[in-house]
Amino acid sequence: MKWYQLDVEKVEQKLHVTSTRGLSDKQVNERRKQYGQNELESGKHTPRWLIFLAQFQDFMVIVLLAATLIAGLLGEYIDAIAIMVIVLVNGFIGYFQEQKAEKSLDKLKELSAPLANVLRDGKWEKVSSRDVVVGDIVRVNGGDRIPADIRILKSNSMETEESALTGESLPVMKHQAAIQKEHLEAQDQVNMGFMGTLVTRGSGIGIVVGTGMNTVMGQIASLMANTKKIMTPLERRLAELGKILIVVALLLTALVVVLGVLQGNPTYEMFLAGVSLAVAAIPEGLPAIVTVALSLGVQRMIKKKAIVRKLSAVETLGTASVICSDKTGTMTENQMTVKEMYLNGRNLYVTGDGYDIRGDFFLEKNKVDRDYQNLETMLLYGMICNNASLLVKKGKHMIDGDPTDGALLVAARKLGLKEMDGERFNIIKEIPFDSDRKRMSVVIEDENGLRYLITKGAPDVLLPRTSYLLGNEGRSMLRTEDRNNIVNKINDMANKALRTIAIGMRPLKKNESLDEAFLEKDLTFIGLFGLIDPPRKEVKSAIAECREAGIKTVMITGDHVNTARAIARNLNLLPENGLVLEGSKISQMSQDELIDVIDDTYVFARVTPEHKLKIVKAFQEKGHIVAMTGDGVNDAPAIKASDIGISMGISGTDVTKEASSLVLMDDNFATIKSAIKEGRNIYENIRKFIRYLLASNVGEILVMLFAMLLALPLPLVPVQILWVNLVTDGLPAMALGLDKPEDNVMKRPPRNPREGVFGRGLGYKIISRGILIGLVTLIAFMVTYQNNPDNLVYGQTVAFTTLVMAQLIHVFDCRTENSVFDRNPFENMYLVLAVISSLLLLLVVIYWPPLQPIFHTTALAFRDWLFIGALSAIPTVLFGFKK
Ligand code: ADP
Ligand code: MG
């Protein structure tokens, strides 16, 4: 017998579990031991030694090693060995950094791993999908990926999309009844749900019958391709830059060697000079530091509750110029409370806060109770046409499920209605809520076998389907006058920022068809609920901060236009002459018409997910970089189309998370702002150390080139240059990657996405500082060498020290686009420490006798330091004042 052929009870028996309690912790542990984790086996991990070797496959490192080898063959053993050691140490550092970056990416993966809703020991809890075991009772909702193969126990109009398995993209309706046929293919087993397939509609409960590789998906995907690391645009651009630098280095080397030999110098010496130049031109440490800066930035974002799913988002975030954000749950708390009701043509006020079940109903100043006409009916219907449940946690009432539904449960409880009051009715059919329909219905049967339809949803959606009105005198035709009254009431409530829900019903005939297409019509209007959903308190200032940063915030919501407008005004999001567009309008507009008004529009109300796509495209047409949030099943296309797709960690569905590049762990709009700020900062920090490293390289090349043109001996030997590039530059560069943002990061417009790495004057800064660093190093060398022509090592030591010192002073200039004196140098303690350690290492190389022959150094006197100090401060001080 196959699982689909068994009755639900049989399945439970066989797996030793009941659908009301689920597995016990003990059972779960045993089964996990027996069957292992619920995972598809992925490709093997790269072995460590390969990662280590990969550090040396870089083309520039190979060139360097080859040159070293030749130098060694030519008899320069000490130099060759020193260079080898430095390259090896650099390889180790790169290896450890890569390991660390990988670990932080693994952590990211863990944080964004899908969760499953399972029933264990009688309680619903969320666990990582990996921890699901055979026999677990799981619940899935629209937008979820099914975590394992399940036999359906209960289907609320559940539909799934199984194209990953079957190639068929039409949704399949799921049932719970056993099927007798033999040898059914997966697509015909309609009482089964399969791992990795998507719930597109409705919801369901199932019992896990297969996990991990023992699933249909597991059989197909017995080996999943190893996911390759994708470079971010910046990493790619830097890799290209690296290639250009190599070409430049090789050309320079060739030029010098040929020129030198033509001038009559020995070939061997010229070759050494060429190698030195090549070393000088290439920023060996740069790629590793970029990777580290990105991965550290990602970790900082996690601390701020933003999970980056695609590394490239770190860069793109800094370019965002529009944030399109959901209102409900992202800008607001998503904690709904019924504040007002409208029934029998009168207003009732409901007291109480949040999901606390204490509260009463008031008609003007008088408390009313069950005897108030239709009140109980309306609350009861709201409770039955509902998917949430009320629970008590730590003595406080909480809800599980949709907050809108939850609020109606709490309101019913305030009148004393309990779950069992609803159990008199049998729910025969449910048409689920979704953001397109904006309503939900159930068909119920009472103890006398009478059937009703109950519909609850957006009032302006329900009204056109309404023909009758329930009032004090029972049911009557809905006259135009009544209709107008209701519309006025809806507007009233919405103007007070209340979310409105209408309740309607229709008695059904005995054997009336339950076809969805014909059910929700000729309704009897019962009443309106007005729900408050307070704005999150951080959002107002976050929107203001974004505005200052040149980023426009746009609210998108399925709510009523007046509700949306009222909340937008509250949050200071909607300016005096800002437009509010309704979904129905957007449908009528052509894309061009939408583009015309999009820049003046701040609020989109009563939209459906398709509108979101149209909105993203319109903003992009206008040249904006769009960040777009979403949580529902149908939001995925808009999220994908946007430049930065953002999904919700708590309320989001699996599909939206998969489509997004950023997940908000707390669903909070303010977190988007923090992520953007962090994104801008990371990019600026990367620019800072690129500026620092390249200025150093420019300086090194120039000092060598000038010396050659002046027919002087080489001021620096290769091992010194390599030392500067890797050791003296590496530590401070890394510290620059950890720098705090400048005060104005969020006070300037977003970066132009087409701007190159060297944009905004960075190229000029690199070259101008580089020239000066080269010049002062050359002067230091020339003066010393001229006075001591027979002590070349002394001159080289002074040049080497001047270069290092000039860099270590210049590093503070790199922290700002403005004057170096604007920023407190002790603000970044990492940098201070890095500079001090670089200095100490320099002293070791100069003064420790065993290292002197290796680095071609000699001890310096105090007055040398005065001379060097004065010279090396020149580049920074000269440019430090005027900006
Ligand atoms: P948003 O999430 O942007 O606030 P929704 O699409 O969820 O918008 O809701 C749109 C409208 O649908 C709401 O204004 C409300 O009237 C109605 N609605 C929301 N949730 C439910 C629900 N669970 N059942 C019935 N109607 C609902
Ligand atoms: Mg919603």
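Cβ coordinates come from backbone N, Cα and C, glycine included.
Unlike curated records, TrEMBL annotations are generated automatically.
Here is what TrEMBL records for this protein:
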DOMAIN    2-76  domain 'Cation-transporting P-type ATPase N-terminal'
TRANSMEM  49-71  transmembrane segment
TRANSMEM  77-96  transmembrane segment
TRANSMEM  244-264  transmembrane segment
TRANSMEM  270-296  transmembrane segment
TRANSMEM  689-714  transmembrane segment
TRANSMEM  720-738  transmembrane segment
TRANSMEM  766-785  transmembrane segment
TRANSMEM  791-809  transmembrane segment
TRANSMEM  830-848  transmembrane segment
TRANSMEM  860-881  transmembrane segment
Leading contact stretch, 77-96, 244-264, 270-296, 689-714 vs the transmembrane segment (766-785) - CB distance under 8 Å: 689-714
Annotated stretches the transmembrane segment (77-96) and the transmembrane segment (791-809) touching (3 or more Cβ pairs under 8 Å): no
Stretch with greatest number of CB pairs under 8 Å, the transmembrane segment (720-738) reference, 244-264, 270-296, 791-809, 830-848, 860-881 candidates: 270-296
Intrachain neighbours beyond the transmembrane segment (791-809), with Cβ under 8 angstroms and 6 or more residues off its ends: 692, 695-696, 699-700, 703, 713-717, 720, 724, 728-729, 732, 772-773, 776-778, 780-781, 784-785, 835, 838-839, 842, 846, 855-858, 860, 864, 867-869, 871-876
DSSP-derived helix, strand and coil totals, residue by residue, for the domain 'Cation-transporting P-type ATPase N-terminal' (2-76): 43 helix, 2 strand, 30 coil
Result, the transmembrane segment (830-848) in contact with the transmembrane segment (270-296) (3+ CB pairs under 8 Å): no
Long-range environment of the transmembrane segment (244-264) - Cβ separation under 8 angstroms, sequence gap at least 6: 59-60, 63, 270-271, 273-275, 277-278, 281-283, 697, 701, 705, 708, 711
